[in-house]
């Protein structure tokens, strides 16, 4: 019998020939995770304790920080357990729960990035109406809509996998659970799951990416209407941090999708590295990018360091 209607567990991916290096790989991942947690917690603390930062842009930044904390925490501790204690087995239920959190939180982050792009568009193209359009109440509502959108679109993904029979091979391609990775192990027709997964990604991440690009086209038109180059650079520089954060999110996402679609013959190391980049890179880079590009956050961090040294 090559299949089982009630799978009990899956096996997380290992890198053939590098099992002895797992300890050092875990040290590196743990360092990245600590950096991500520290950076995002600092952002949350600074915005919470600094009244001058109680504005929509910084509330969106807090949402990003909270999402990155949740996304990395839902995956990295389990990966570290695998590397340090060789606990390669993950239960079927835990795998589906982890999958739900990864895809849902990614969808929420995509929506927040779109909201931040709209914030930049309104601030540059309609500056006099910015405060009236993007109030704190509207910002909170946007956050709630982002959460509801992520849950509604990606809750069906694990539910579609529940009734499927799975083959005797239970070895995943990553150190955590992703929908397409788990789906590929099923010994049944996965067309409904494939169609729904692709539709959800296109209607959430794909649509968000298009609308973000549209926002920046309109922003560029408004900037180019300014007379002086110094004014153009000054106005557009307020978007640099957001553009970098968008790239930090979408480039690993697209890379991971390409590896899944066309990289079946690639070495396991490529799949594992791309998966870890997708989970950790945005969480590490986002607070660094905004810390470097935002003077108010820089000033507050320097004050905290000065107080600590004294």
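Please read every residue number as a count from 1 along the shown chain.
Glycine residues also receive a Cβ, built from the backbone N, Cα and C atoms like all the rest.
Noted in TrEMBL for the protein shown:
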- 39-290: domain 'G-protein coupled receptors family 1 profile' (DOMAIN)
- 23-46: transmembrane segment (TRANSMEM)
- 58-84: transmembrane segment (TRANSMEM)
- 90-117: transmembrane segment (TRANSMEM)
- 138-162: transmembrane segment (TRANSMEM)
- 194-219: transmembrane segment (TRANSMEM)
- 240-263: transmembrane segment (TRANSMEM)
- 269-292: transmembrane segment (TRANSMEM)
Next item on the list: Kindly say whether the transmembrane segment (269-292) and the transmembrane segment (23-46) touch, using the definition of 3 or more Cβ pairs under 8 Å where each pair is 6 or more positions apart.
Entry: yes
Next item on the list: Quick one: average pLDDT across the domain 'G-protein coupled receptors family 1 profile' (39-290), no decimals.
Entry: 91
Check: Which residues of the same chain, at least 6 past either end of the transmembrane segment (138-162), have a Cβ under 8 Å from a Cβ in it?
Finding: 56, 59-60, 63, 96-97, 99-100, 103-108, 111-112, 115, 179, 182-183, 186, 192-193, 196-197, 200, 203-204
